[in-house]
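*Asks:* Here's a structure for you.
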Amino acid sequence: MITAIFDYEFLQNAFASGLIIGLVAPALGLFIVVRRLALIADALSHVALAGIAGSLFLSQNVIALAGLNPLYLGIGSSVAGSLLIDRLRELYKSYEELAIPIIMSGGIALGAIFISLAQGFSTDLVGYLFGSVSAVGREDLYTILAVAVITILFIVLTYKELFSMSFDPEYSRAQGISSRALNIWFMIVTALVVAGSMRIVGILLVSSLMTIPVAAAMQIAKGFRQAMLYAAIFGELSVLGGLVAAFYLNLAPGGTIVVISILILLLVLGGKKLVASRNTARNEEVETGEL
Amino acid sequence: MTEPLIELEDVSYRYGDTSALEHIFLTVEKGEFWAVIGPNGSGKSTLIKLILGLIKPLSGQIRLFGRDASDFREKEKIGYVSQKSNAFNRAFPATVREVVRSGLVKKAGLFRRYPADADEKVDSALSAVGMEEFAERSIGDLSGGQQQRVFIARALISNPELLVLDEPTVGIDRKHMQSFYNMLGRLNREKGIAIVLVTHDVDTVSELVTHVACVNRSIHFHGPHEEYSRQESEIRTEWYGHAVRRVHHGSKAADA
């Protein structure tokens, strides 16, 4: 494997992309989880499916677009979907979650139409659905890198506001923070990360890389920065392990990455329980339950 | 004389067809401690939202620190502790330090980091509420009363001249409530911070406050605390639906 990575450009692309996504998706995912928007990542990935399928259809039928990288239309439709969700959430203020099924089914519907127009599933499409080790090109890598730079800049520059808005939205508004503009940017960046991640983990599993490492991190982190650090570590471990397993066992990396992230979550839960039961046993001797 | 911190002049607000507040006049001066009391659904929280600029009045004028509320930008001068603060998700991963520091978010400015002395400020805000030991603890591990002190520290960190608290003791047991209110009293006396406190516990705060406003869609009484004590039973009778109609305004009591 170590030598293979020097020999094959496609492996370099896959691992570099994977390591970037393994960092960025859980870091942004922490905000998505604490703001209870996990389903939005799912909806956006399904909108990206429409863009990918549409792009594959176009490149089959329009000669001028034969070489079009589906990632671009995938990103485009995902960003458009994020803006639509934002509009719908404004429109149905008291039923904000209604936007998600509308956009999600809309995405799948368009995807289904384009897939049947393109005469069924191609291997290309399967790669987008479940991720792929071999299909990541240089262009994909650079696009993913650009997405990561935008995301990290966004998080670093608006960290204070994002934290405050996530922890206590009403307080932030009382402080005069314009949550509207920040929300729209947040949705756009989420759409970018969703679309950027799908090359590696696949459309159907993108949201898991944004949520499962975060779920594990939240179990053991005391603070927010710490949670972000743990989430990124778990994300990287999942992606690395998942890509190695996928390469050697010839499996879809989306599957292996997500299974490993779930194993990490289970380990964290089990470890936490073990520590807790030890501590209570010890504390019962020392303290008398005063906090 | 300096400008009053809050001035409400003939302010009304309605939700759809339902009138929430009618013709409210209220002036809060520097260093005063107001208790805003009233039955459920009387518009107390609406009054607070108006003061904070979370909603705009339908008619009338609100001035904060002498400026029209819609032009008022120095939000850090007003510290806010909401009722909902203690309904946040307890699993939210944040240390007490991170929560208190977020009170500087407006002062620091968009796209900027927290100031270099943010940590010192967190420590001094926490010690003002007696929570300095808890800085590195997870916010979800604290009791309701401790959490509410942390939220006060978050409001204090930007050195506000006015603290606005909307039923901050919901979910805190009686034992800790008194010490919580005493702490507010200390902040008011020692730091000269004006306080507007929406509360149900009239009896618990009666020793601390300087002024009382009784709200039930309109303000039925507002004035110094001693005045309120004298008329308390009448005001309460009125709330609970008896046929007595009395309107008190300022220090002048007028029977209708």
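Just so you know, the numbers here start at 1 and follow the chain as drawn.
Just so you know, glycine gets a Cβ as well, placed from its N, Cα and C.
Note: TrEMBL annotation is automatic and uncurated.
Note that the structure is predicted; figures quoted are calculated from it, not measured.
So TrEMBL lists these for the protein:
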TRANSMEM  A:14-34  transmembrane segment
TRANSMEM  A:39-58  transmembrane segment
TRANSMEM  A:98-121  transmembrane segment
TRANSMEM  A:141-159  transmembrane segment
TRANSMEM  A:180-197  transmembrane segment
TRANSMEM  A:228-249  transmembrane segment
TRANSMEM  A:255-275  transmembrane segment
*Asks:* Given a Cβ distance threshold of under 8 angstroms, which distant residues of the chain, six or more beyond its ends, lie next to the transmembrane segment (A:39-58)?
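*Replies:* Long-range Cβ neighbours of the transmembrane segment (A:39-58): 29, 32, 65, 68-78, 80-82, 85, 97, 99-101, 103-104, 106-111, 114-115, 117-118, 122, 124-125, 128-129, 187, 190-191, 194-195, 198, 203-204, 206-207, 210-211.
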*Asks:* So, does the transmembrane segment (A:14-34) come close enough to the transmembrane segment (A:141-159) to give 3+ Cβ pairs below 8 Å, pairs being at least 6 apart in sequence?
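*Replies:* By the criterion, they touch.
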*Asks:* Which of A:14-34, A:98-121, A:180-197, A:255-275 has the most Cβ pairs closer than 8 Å to the transmembrane segment (A:228-249)?
*Replies:* A:14-34
*Asks:* What residues in the same chain, six or more past the boundaries of the transmembrane segment (A:98-121), come closer than 8 Å to it by Cβ-Cβ distance?
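*Replies:* Distant contacts of the transmembrane segment (A:98-121): 39-40, 42-44, 46-50, 52-54, 56-57, 60, 77, 81, 84-85, 88-89, 92.
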*Asks:* Where else in the chain does the transmembrane segment (A:14-34) make close Cβ contacts, counting only residues six or more beyond its ends and a cut-off under 8 Å?
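*Replies:* Same-chain contacts beyond the ends: 5, 40-41, 132-134, 136, 140-141, 144-145, 147-148, 151-152, 155, 162, 166-167, 186, 189-190, 193, 196-197, 199-201, 206, 209-211, 213-215, 217-218, 224, 227-228, 231-232, 234-240, 242-243, 247, 253, 257.
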